[in-house]
């Protein structure tokens, strides 16, 4: 049991060091270390003043006991000077402490935000279902970690300094005590120090026994509070849908259920805190009388003056506080441990996501290992995320940026596979009509003549493929194949339609190409800038111009933005470019999709991926918008999913995805 307890505490310490090292271990953090040194300096100086006040106690109370009124004015002035210096130390130390806490919080927040949003980890962690409530961990737990860590460290240093300063004073005041027990004589030196140690040890043990459940209850409280807050936000974000469904009563029931979980935790937490606070109240009151009772025999024996007794009380309280630091700080330590555990778990989940290959998934016997060879993740580079897009036109093919993450060993296999695809395309040209793709007969795409393994010059009339899939397939997180392997090439200005029965994995294949879905096999290559338009547009809070150019800063002239809004049927908004608003709640579903298409006109990507991008518009409006898009983006390869017959007719070629065979 002791070994398990020790392992738990060591694991907690390792988690804290892992969280703190990037900030405190940096070579440029000398300002923060200077702040910490200043805080410690003010703390030590205040302890020095406390020693002076303890000596003042003896002189003041001795003068009081002898009715020495002449000494009082000087003693009062001296005390006021000490108090002024101590107050200055406390105020300055607290001010510097707040600055240091905010610096640490800022560093942690920026690091966690960047890590969470980088590499699509916010999406991948959501797929994995861990950890819960990352918003609370970033917004609240980070502050709690920085604040409680600094406060506890300063308190610990303060107590170490108090012990060092007062233990000698208390030892000297204790003198040498002789007593007889069972006809044996004993001599004890510094017995008041031993009394303080014994009292603090007993109090610490009792405090731990009384409050040992507090950590788990605090962790559970944070979980339940965050779940309730998330449910409230969900109602706020879907207020219109809830109103349409007349769902207020249903949401009230769900909210009450979440709140009852908070009440259940609160009852157990308050019961535990009641026991802990009862113990604490008794501990504080008893601590006041322990030094008086311990010194009373010496005072009655006239070996101590009244001033000595008061000085002993002050010194005993300081030493006993030092011994009892764990008891005094028990609740804060429990809350700190809960925060470290939650943030440590969040960091561990992010680290696991960092170490997860782009197409890795849990080991599954149903998925052969060779399907996850070297060519994974060609849709992503460290510099540019798979869904990001340049606001400038794509560079010419010979200078375009190809996004690759492929090992040298696997490049040969991909080149050979693509060479076979392109060779088949060159010898068997297919008319640009609908046809299926099967793993046994990979379909060609428009264009050809790009064989990496062939010295032949490409035909000038045929564009270079911007999208290449080589035996690409999609899997579930459990490793089950969803699609038969797909092999194809495509180039601008082709419009390529992905078809297949509902739920087969069409949208998931687009997620693979966006670098979002890590569970896939085979290889793919995307060349040039790209933009993905999902079914549900994301409209962040901000100005309309920033919403149109999202996720990049807007560099387009107002006249260009006016034309774009007019083209997508949102001309009524052209005079509201600088209006900041919650556009997702101000615009209808169809208007949001129009605004999403405006992003494509603003970005002019090399490849545009459309996932039911007009499914909230009527057929006539959808057809008109898609015709406009085809005219406005003549140099863009469009890969889309749609169930609207009019829109489907605009595509030059269709690929019917086939469901993978069971087993």
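Numbering starts at 1 and runs along the chain as it is shown here.
Glycine residues also receive a Cβ, built from the backbone N, Cα and C atoms like all the rest.
Among the ranges 107-127, 128-148, 191-211, the one that TrEMBL lists as transmembrane segment is 191-211.
Among the ranges 160-179, 220-239, the stretch that TrEMBL annotates as transmembrane segment is 160-179. The transmembrane segment (160-179) shares the most Cβ pairs under 8 Å with 33-56, out of the stretches 33-56, 76-96, 191-211, 278-300.
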